[in-house]
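Only one structure is covered here, and it is reproduced in the block below.
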Amino acid sequence: MFKPSFVALALVSYATAQASAPQWGQCGGIGWTGPTACPSGWACQQLNAYYSQCLQGAAPAPARTTAAPPPPPATTAAPPPPTTSAPTGSSPVAGACGAIASTVPNYNNAKLPDPFTFANGTALRTKADWSCRRAEISALIQNYEAGTLPPKPPVVTASFSKSGNTGTLAITAGLSNSQTIKFSPTISYPSGTPPANGWPLIIAYEGGSIPIPAGVATLTYSNSDMAQQNSASSRGQGLFYQLYGSTHSASAMTAWVWGVSRIIDALEMTPTAQINTQRIGVTGCSRDGKGALMAGAFEERIALTIPQESGSGGDACWRLSKYEIDNGNQVQDAVEIVGENVWFSTNFNNYVQKLPTVPEDHHLLAAMVAPRAMISFENTDYLWLSPMSSFGCMTAAHTVWQGLGIADSHGFAQVGGHAHCAWPSSLTPQLNAFINRFLLDQSATTNVFTTNNQFGKVQWNAANWITWTTPTLT
């Protein structure tokens, strides 16, 4: 039998250390044991404590807390206004959705799927219809790309303690009293006397990157403890999988949503925490921005969703990102993402090469937030974020808020001039407007939908992708 020598082992170790990570690949982070070098012309940039990535350019971007230079002026580019149409066909009875489709056999559509038509071809007429369509979209996304989101488990208990302006929410969740997990997120409170209904709260994935205004509490959610995201080898690792098993279909992002829901359960059970559970927001940046969008889509108790620079796999659409790739923009797409990490279910691997057969896309994921509020922020300086895809995808999603008659509950702002996940001060007024209105219950103007139109080698043309006419849902 062959026995490797110490010299051979040393050579293997040396070769592993010298290997370069691929373009856009992971090159560092907590728990990372793979290559740390990048190809020529690419630099290993730390995006957060858990993840560094090979990005184009010779020098890494400054840390998130570094003050960013003012971005170039953004030009307003409003989405197409809704045009009223009279849908044909019967609608589900309000409150009774009937059978919910989780798959659509023989689907084939290279353009963006119509949010206003059920899988069976029936057109939406009413706001109650949207509730049913939203349930259908949820089932489709879980089946095709996210994995199954389990319901509230039989055991959920919580206790709360506070020292100064910092609180600790100790949560136990389990399938039985003998099969539980525990986690304890911390809450940073504003100074002063809380409002009568408690403080509004933002759940911040890994602490978040946005400036939180006065009067809003912040809960730091260590989502990577709930489901690890170090690399493609992280699948089935984390607290969620200790409870449901390492082979559960839920992706890491779906497991994070489950954790957010348990946090809100715990807050509802602990009035001493003095949190207004009717005024909860969620945020995160980059990979955690993808997760924040997923949480806002699936957890209906979230009042305001704020994904930041989530890009492909977040507020970008798979079909549009592929279009960018096909036309010379080096962006992340579905094929690259499923090989990079565990943010999506293994079932999605079956569809990344045949996206037209998928009866959903991320304009529908974002639309699941409606009629609740959402604003997403993107950065055109990083082409791999797929800026045209994000703008086009959110333009398509915006039609749902338009159809519901609440267009100013959905916003989008896209600028450059700052590092990835560094906050540009020029966007603070838009951010504060949404927080003031939807978390602080103050009057604010939230008609925000802007881009600087820096899309690399492509341009957005709504007529090429949006095939539906936006109805006025009654």
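We count from 1, first residue shown onward.
In case you wondered, yes, glycine gets a Cβ from its N, Cα and C as well.
Between C393 and the candidates C285, C317, Swiss-Prot records the disulphide pairing with C317. Feature annotation (Swiss-Prot): of 206-211, 284-289, 452-457, the stretch labelled motif 'GXSYXG catalytic site motif' is 284-289. Max Cα-Cα distance over the annotated substrate binders (K290, Q332, E340, W384) is 14 Å.
Once Cβ contacts within 10 Å are tallied over all protein chains shown, the recorded positions K290, H420 are led by K290. Fewest other C-beta atoms within 10 angstroms, among the recorded positions N120, S286, Q332, are seen around N120. When the binding-site residues Q332, E340, W384 are screened for a C-alpha within 10 angstroms of the C-alpha of C285 (disulfide bond), no residue qualifies.
Among the recorded positions listed here, namely N120, S286, K290, S286 has its C-alpha nearest to that of C421 (disulfide bond). Each of the disulfide-bonded residues C285, C317, C393, C421 was scored by the number of other CB atoms within 10 A of its CB, and the lowest score belongs to C421.
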